[in-house]
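Asker: Sharing a structure, written as structure tokens. Questions coming.
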Amino acid sequence: MILLHFVYSLWALLLIPLINAEEFTPKVTKTIAQDSFEILSFDDSNTLIRKQDASVTISFDDGETWEKVEGIEDEITWIYIDPFNRHDRAVATSMYESRLYITNDQGKSWERITLPDSEKNISSRGCYIETHPLNKNYFLAKCNYCEKTEVDNEENSGDEEGAPVIFNITHCTDKVFASNDGGKSFSEIKSSLERNENSAISISDCGFAKTGKDSDLESSDTSIICLFQNMQLIMDEFSSPYTESKLVLTTDWGKSLKEFDQFKDKVVNGYRILKSHMVVITQGDRYNDMSSMDVWVSNDLSNFKMAYMPTQLRHSMQGEIYEDAMGRIILPMSRERSDQEEDKGIVSEILISDSQGLKFSPIPWTANEVFGYINLYQPTYLKGTMIASLYPLSRRRNRKGKAKGVKNKGVTKISVDNGLTWTVLKVVDPDNADSFDCDITDFENCSLQNMFYTREGSTPTAGILMTTGIVGDGSVFDWGDQRTFISRDGGLTWKLAFDFPCLYAVGDYGNVIVAIPYNADEDDDPQSEFYYSLDQGKTWTEYQLETTIYPNEVMNTTPDGSGAKFILNGFTLAHMDGTTNFIYAIDFSTAFNDKTCEENDFEDWNLAEGKCVNGVKYKIRRRKQDAQCLVKKVFEDLQLFETACDKCTEADYECAFEFVRDATGKCVPDYNLIVLSDVCDKTKKKTVPVKPLQLVKGDKCKKPMTVKSVDISCEGVPKKGTNDKEIVVTENKFDFKIQFYQYFDTVTDESLLMINSRGEAYISHDGGQTIRRFDSNGETIIEVVFNPYYNSSAYLFGSKGSIFSTHDRGYSFMTAKLPEARQLGMPLDFNAKAQDTFIYYGGKNCESILSPECHAVAYLTNDGGETFTEMLDNAIHCEFAGSLFKYPSNEDMVMCQVKEKSSQTRSLVSSTDFFQDDKNTVFENIIGYLSTGGYIIVAVPHENNELRAYVTIDGTEFAEAKFPYDEDVGKQEAFTILESEKGSIFLHLATNLVPGRDFGNLLKSNSNGTSFVTLEHAVNRNTFGYVDFEKIQGLEGIILTNIVSNSDKVAENKEDKQLKTKITFNEGSDWNFLKPPKRDSEGKKFSCSSKSLDECSLHLHGYTERKDIRDTYSSGSALGMMFGVGNVGPNLLPYKECSTFFTTDGGETWAEVKKTPHQWEYGDHGGILVLVPENSETDSISYSTDFGKTWKDYKFCADKVLVKDITTVPRDSALRFLLFGEAADIGGSSFRTYTIDFRNIFERQCDFDITGKESADYKYSPLSSKSNCLFGHQTEFLRKTDENCFIGNIPLSEFSRNIKNCSCTRQDFECDYNFYKANDGTCKLVKGLSPANAADVCKKEPDLIEYFESSGYRKIPLSTCEGGLKLDAPSSPHACPGKEKEFKEKYSVSAGPFAFIFISILLIIFFAAWFVYDRGIRRNGGFARFGEIRLGDDGLIENNNTDRVVNNIVKSGFYVFSNIGSLLQHTKTNIAHVISKIRGRFGNRTGPSYSSLIHDQFLDEADDLLAGHDEDANDLSSFMDQGSNFEIEEDDVPTLEEEHTSYTDQPTTTDVPDALPEGNEENIDRPDSTAPSNENQ
């Protein structure tokens, strides 16, 4: 019995505390408020403040009671706690101009601070105070001012001072004021940039160099860093603001400013001052705010070094840059998102520097994974711990467009050793294992995934963490499936806390936890509640709230996490006039009967499982989980105990700058980093020893490791002081080949998409520096299609019926399923005016592609592929015709080529409602059709196996294209559309189709594409329809072609093709061979020396031989520049025997730059030119920065590779190039890419006037040294003059000016239809043919009443010449049929008005004559005094001025007639005398008649008038009278059987100028590819 009593007593003694614990209820106090969403707490105090409406309220008892503060008279917009004086100082900003309120005693009293008065018509948008970490009296006030509008001034003219105003944000200015006396007085730190009238925004951003009490930066307490910027937002053609900036240092409160020299010629985008580093970010291109950026790092505010970046930084989140405990810089990067996407500005990549801050690298396991949102969380109280999450930017959609979850796998990982090793977040929770959809013991495929772990607001605990997320393999993440988890070991393992997501907060160092569901209905109870745990999350108790609220925040009232009191702030939308807040103060301080923990209630918890981190072992003393007490050390920070590790290990080291970690984690030399470092600058030897490891800065291990040096090769490494030193190369190696690549044509970044030999897709957003694999979920990519009208869009076709679409250059992909049809490999057809509308072609009834029932179906989508509808059966090619024409007959028109299953013919049909009800057959039988440059051209079969072409410019009216009748044009069996810009179509009509011996005629159309003339004969083509034809980009009218010079022999199969290159400068009217340079690249004369270009000229390999049709001669960006591989001689030699040539004046003069064939690429609008050997291994490239005058070699890799291709962005405006190469490795070959960055070789960016005016770096100049007229005008182009600066994102092609319009010459005209150019240069009618029926124009334009006959010439459409020759002068007008009456009315004159005018003139003449006779002759004696009157005689009657005028007229008339009479008499006498002598000497021989003399005289005068035009019109005898209709001589016109040539005979050359004349520098932009060849055959 005694024993039982003892047991009962012991049981009661043990159970009572547990009963008390279970019965414990926290004290909860509710406060109702309006519009209060943020509560702030002073550190180490019970005082809280919050903004309620426009006032400030305060609580001195941890939120149980609240009152309005005294001393603040204004309405308040914002309050914040001073981060350096969190115990007692807060600031409230006033709604009114230039006023703030500050407290230094935890809100008990407030002092009003007034900043200096603003200028007239300037309004403040608010001010912010920044304080100093060491001196409480040091303030920096930052204010933003904007110009007041006229409405502001009117409305507020009579208001009291300080009244709120409306401001105009179009012109805003930042101002910074400094105070060193606690705000009693302020002085402005004025910007050192002068604001001009174009500046829309002026920014001043200043900050103290000391950012914390533990700052390691070498600076004084009064050091202030300021960044001043002027930005112009509206820039006409420019898409980005122009920015100028200055970064300065002041130590005397702004009285003097010292600019940082390293950034004088750069655009500083922003800066960040950290504990031991200052980071400065500069913008690569001042004219493109999306250009790549450079990161500069300093630890003394004096010397800055450029950090190495593994990728291009384009959108930094400067406010998020921070420094971890090791001194490493954490650099988050955002990206530009598509306008269609909702979430923007999300961190897309995180780079982490080494401890020196100079070499950045991505989180290792995210470097080559799918691109996505990245989040990094580093709890400061858990040294070495990092939690990172990757959320992919690719989502899957089904056919109906409903989201089915994340397509690519996301992942969350943790590291406890500063990122050296990473593991997944393991779920160790056997009790809840069945509640998860995967096996939680399979950690790699079943772990906790958390997408957003915030760095801010974390409360220190002894390894106790909470988060929300889902458990799985990362392939599915549905926000509705999130649950709440808890960890007690610093995040290594987790267990389930709640089946729903919660807001949470911890107190008493993690011993008290409060959690509230986001949604009150989560637990099937509509009322709100919160849960709390007093045993570190082991058990939970529910506390019911009487009101349903939306929780806004839950927080511990002590920021250091030591207290046990909490604030829960929630709101309800029940009231129509706004939100109502319910603020709950929750007090756990009396838990466990108010018991305080004793020593035996604690245990040691070791960070990182007891391993060394930073050379130290860390531990924390924490309460045991089941202890029945609270720590109750309120306002004491969590204590971390350190024990230095005796021996240093590799974990305490990082790779030296010149080394990188390989796949095994070993630090190996990196050639590109060696080039950037200075290790080879200090030695003349071939190798230099370098230690691969360096101790991490700040590591505390005691005994360093012995690190052996590695010999680094310095052969080929550029030395300091050379430009080559500044070139940055990034190498990537692959175990596959890249078979396809294409850039997205935007200035936003340098994104490109690549497909390898395995059908895998890879994406790079930095020009190939970093390359990421696209996860297609196991599907092979079988085709890639880029949208030609929307440069950020592309579509990838998967082998299993998926289509992956991107509209943001490959950052994110949407996945949809194609219709249930067989993929036929046909390209998509896009709507030019609707991004999400396109047509897909699939095979129906195609169990086998050879099945007779298998046929194509056109499917239409209007939502980017989410849904498809069947549009037209048997359609094999469609066009959104209405979106292509300038003036379509119907904007919704669609044209389709249809091939019925039962027929071998194809038809062309159209519809205006996507073939729902409207279907119109345009042609019953066609070969094919294509669209180009606003035309649609249809090839229609004709009798005798011939073709006919029909053209439309509106989709309704079709006209037959009339080809010229010529002796060498047989059947029209094949033609190729070459180009269709500037109102004409260039077409190649094949005249010989024998494989390997193909050639034909080059034709050009009129403006509506219906009438063609021959420009050149025997132009080379290949069997695939490609033609040696290339229009020079960026310049008008310059075309290069290759002709088959022995076409007759080739057609007869007697000889192989012999090609010659010809050039035209007036769009094909005249052709010449290329003038060769005098000497080769070695200064030697060429072997052929004939002065005839027919025998010795330059020839280039053309379009038909290119491996990649995008490798054009020219670039629209590099104006006038062309590269080509060819030779000087009578004909073109084989490719391997040729050299590389270059021109800067559009092909007028050339120079040999390399003795062997090279590949070329243009950069920076021609400011940087790069050559690389073709078909031979190399380790070097050649580059030029002076427009090809001089060339330098640069070694870009350690071993030789065979370069397959060199490329850059389509606009050729970047300073980065991408090389694709293949190198021999042990056991085989490896494919490699090299990104070569030339940004740093230029001293600065050229200074450009955005209005296009000349500046110190840009001048207007003609393309060549000769000021020739081209297309009737002389043009000058804006060109860079300084080779030491780079151009950047400036569209120089937009800046040219016409000096004058020239007189028309022969070069401004071309032959009209049915006319040909004869050997003498004139246009003559083909014998047997008639000119085109001029009256046909009356049928096309019914309103015309007249027409004109052709002169045989027509003016080149591009020509703007004025005056001069008028070879196209119209004939006399003829009446249009049926318009004779209107014609007669236009040109006839009625008799009545004509008679009236004639009689009136006669009367005027008669009256004037009578008046002169009456006043001047009759009154002075009549004609009797004729012989007496002399000039100046007196005696004439002159009573007034009229008499004097009349007498002067009479005297002058008599004088003139008198002299004429004398001259006639004298001439008569002399003639008679001469005739007498002639007759005496020659007897009866007769002389020339009078009319013959007059005619001869006219001819002499005509010769004078035509002086200077002889070479312009080779035979002008027919055109002496330019005012009348020309007659076309037919004496020299050959018959159809005769032979004639289509080009002007080549003049002999006496002096061929050297290429590359001085001053011929130019740069502009081109597309990445030429127009594709389109052939109908």
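Each Cβ is built from the backbone N, Cα and C atoms, and glycine gets one as well.
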Asker: For which of ASN1301, ASN1440 does Swiss-Prot record the feature N-linked glycosylation site?
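Answerer: Swiss-Prot annotates N-linked glycosylation site at ASN1301; the rest carry no such entry.
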Asker: Out of ASN556, ASN791, which one does Swiss-Prot list as N-linked glycosylation site?
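Answerer: Of the listed residues, Swiss-Prot records N-linked glycosylation site for ASN791.
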Asker: Determine which residues of the chain contact the repeat 'BNR 5' (485-495) at the Cβ level, with the cut-off under 8 Å and only residues 6 or more beyond its ends counted.
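Answerer: Hits for the repeat 'BNR 5' (485-495): 382, 385, 387, 414, 416, 423, 425-429, 431-432, 448, 463-469, 513, 536-537, 605, 607-609, 625.
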Asker: Looking only at residues six or more beyond either end of the repeat 'BNR 2' (101-111), which have a C-beta under 8 A from one in the stretch?
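Answerer: Those are 42, 45, 47, 49, 56, 58, 69-72, 74, 76, 85, 87-92, 94, 129, 136, 183, in sequence order.
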Asker: Residue counts in helix (H, G, I), strand (E, B) and coil for the repeat 'BNR 1' (58-68), per DSSP?
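Answerer: Counting residues by DSSP class gives 0 helix, 4 strand, 7 coil.
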Asker: Which bits of the chain, at least 6 residues beyond where the repeat 'BNR 8' (859-869) starts or stops, bring a Cβ under 8 A of a Cβ in it?
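Answerer: Contacts with the repeat 'BNR 8' (859-869): 397, 399-401, 795, 803, 805, 807, 814, 816, 818-819, 821, 834-842, 914.
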Asker: Sort the residues of the repeat 'BNR 8' (859-869) into helix, strand and coil with DSSP and give the three counts.
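Answerer: Going by DSSP assignments, the repeat 'BNR 8' (859-869) contains 0 helix, 4 strand, 7 coil.
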Asker: Average pLDDT across the repeat 'BNR 10' (1183-1192)?
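Answerer: Mean model confidence (pLDDT) across the repeat 'BNR 10' (1183-1192) is 94.
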